[in-house]
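Q: So TrEMBL has the following annotated:
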type     : residues : note
DOMAIN   : 1-374    : domain 'Amino acid transporter transmembrane'
TRANSMEM : 20-42    : transmembrane segment
TRANSMEM : 75-94    : transmembrane segment
TRANSMEM : 114-131  : transmembrane segment
TRANSMEM : 143-165  : transmembrane segment
TRANSMEM : 177-197  : transmembrane segment
TRANSMEM : 209-232  : transmembrane segment
TRANSMEM : 252-280  : transmembrane segment
TRANSMEM : 292-312  : transmembrane segment
TRANSMEM : 318-338  : transmembrane segment
TRANSMEM : 358-378  : transmembrane segment
Amino acid sequence: QGIFVLGLPYALLHSGYSGLFLIILAAALCCYTGKILIACLYEENEDGQLIRVRDTYEDIANACCKKLSPKLGGIVVNVTQVMELIMTCILYLVVSGNLLSHSFPYVPVNEKTWSVIAFVTLLPCVFIKTLKIISKLSQLCSLVHFIIILVVMSYCLTQIHQWSWAKFRLSIEFENFLVSVGVIIFSYTSQIFLPTLEGNMKNPGEFRCMLNWTHFFACILKTTFALTAFLTWGEETKEVITDNLPSFLQTLVNLCLLTKALLSYPLPFFAATEIVYACIPRGSHSNYRSPLFALGVRASFLLLTLLMAMFIPHFALLMGLTGSVTGAAMTFLLPSLFHLKLKWKTLSFLGKCADISVFILGFLCSLAGIICSIKGLIEAFG
């Protein structure tokens, strides 16, 4: 239940009743692809027992592409992972600028300048070397998120007398609908973390059950939050739902959101830089091991996220584009493709049909979402 849940009411604005169905469908599909991705980590031994022979998403990709090139699959997955993680960091900067500008409307500073101010507070990220610090930041992040959802939901419930199902659209604009698809997909993406998560579970045999319950509750919470917020504001629903709150609540919630965004930034940033750092050819030089070189890699990525946040200051459109490109690839396309490749001989006819259907659906959503999100960004830039 990340900060991007705040874009779901806006997605409902453009998708109507179908948006509710999409939130449920996305949960079911993401749960399924999570299971088949983990299945790709295992192979049967001579006794018919499942043995974990792979550890990461990259290992699965390399196993699928070993006939073409031993490293090709891993490179594709790593590039996609880094793109998604960096885009997530950019989104945190964009939303930070948005929140600061709405929290202090009387200060003569635009959103881009506020994003730079938020960026300055993130400079210490270049010195983070382990997950120990990030784990503490994540605990605080979860607490802040709980407060935000509680405040928004409580206010919406006080406005229940204004709710009307007539606010939902029966007819939708196809392009806006596809952007909504990207937003909804992006709010569920977790596949890049699942192999590591399953490998560290005390009882990996409970992984499938855990995935069922977490996606079920995520679906319930996302649907409830998006529905109550949209029924409260209807056509007035904004890209970031907290912008709809009355001024006496907006500043408080925006500052909480700002805190959450800044606390959330280090994890994807650290993960992205670690992937890039691990992919740099070591050769015979010792420079790559020097602390100064590692600091340079992290500083470069930090600056990259700021520059992109400055040029693409549209939260929902950027989230839709990210969901359509990397989210769809990591969540639908690659898991189904890898599962078909590695398990073709053991899959039932229905299993093959399910994987092929997920792949085709993911490809169509990704292609259409990319086109419409880019078009929306071009129009937003005038």
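Don't overthink the numbers, they just go from 1 along the chain as shown.
Note: Cβ is positioned from N, Cα and C throughout, glycine not excepted.
Note that the structure is predicted; figures quoted are calculated from it, not measured.
Could you place the listed features in the three-dimensional structure?
A: Among residues of the same chain six or more beyond the transmembrane segment (143-165), those with a C-beta under 8 A of the stretch's C-beta atoms are 1-3, 5, 224-225, 228-229, 231-232, 234, 241-242, 245-246, 249, 252-253, 256-257, 259-260, 263.
Within its own chain, the transmembrane segment (209-232) has Cβ neighbours under 8 Å at 1, 5, 8-9, 11-13, 19-20, 23-24, 27-28, 30-31, 34-35, 149, 152-153, 155-157, 159, 162-165, 167-168, 187-188, 201, 241, 244, counting only residues six or more beyond its boundaries.
Non-local neighbours of the transmembrane segment (252-280) in the same chain are 2-3, 6, 75, 78, 81-82, 85-86, 88-89, 92-93, 95-96, 99-100, 102-103, 118, 121-122, 125, 128, 131, 133-134, 137-138, 140-141, 144-145, 147-148, 151-152, 242, 245, 288, 294, 297-298, 301-302, 305; each lies 6+ residues outside the stretch with a CB under 8 Å from one of its CB atoms.
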Q: For the transmembrane segment (292-312), find every same-chain residue at least 6 residues outside the stretch whose CB is under 8 Å from a CB in it, and list them.
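A: Same-chain contacts beyond the flanks: 86, 89-90, 93-94, 97, 112, 115-116, 119, 122-123, 125-129, 269, 272-273, 276-277, 280, 318, 377.
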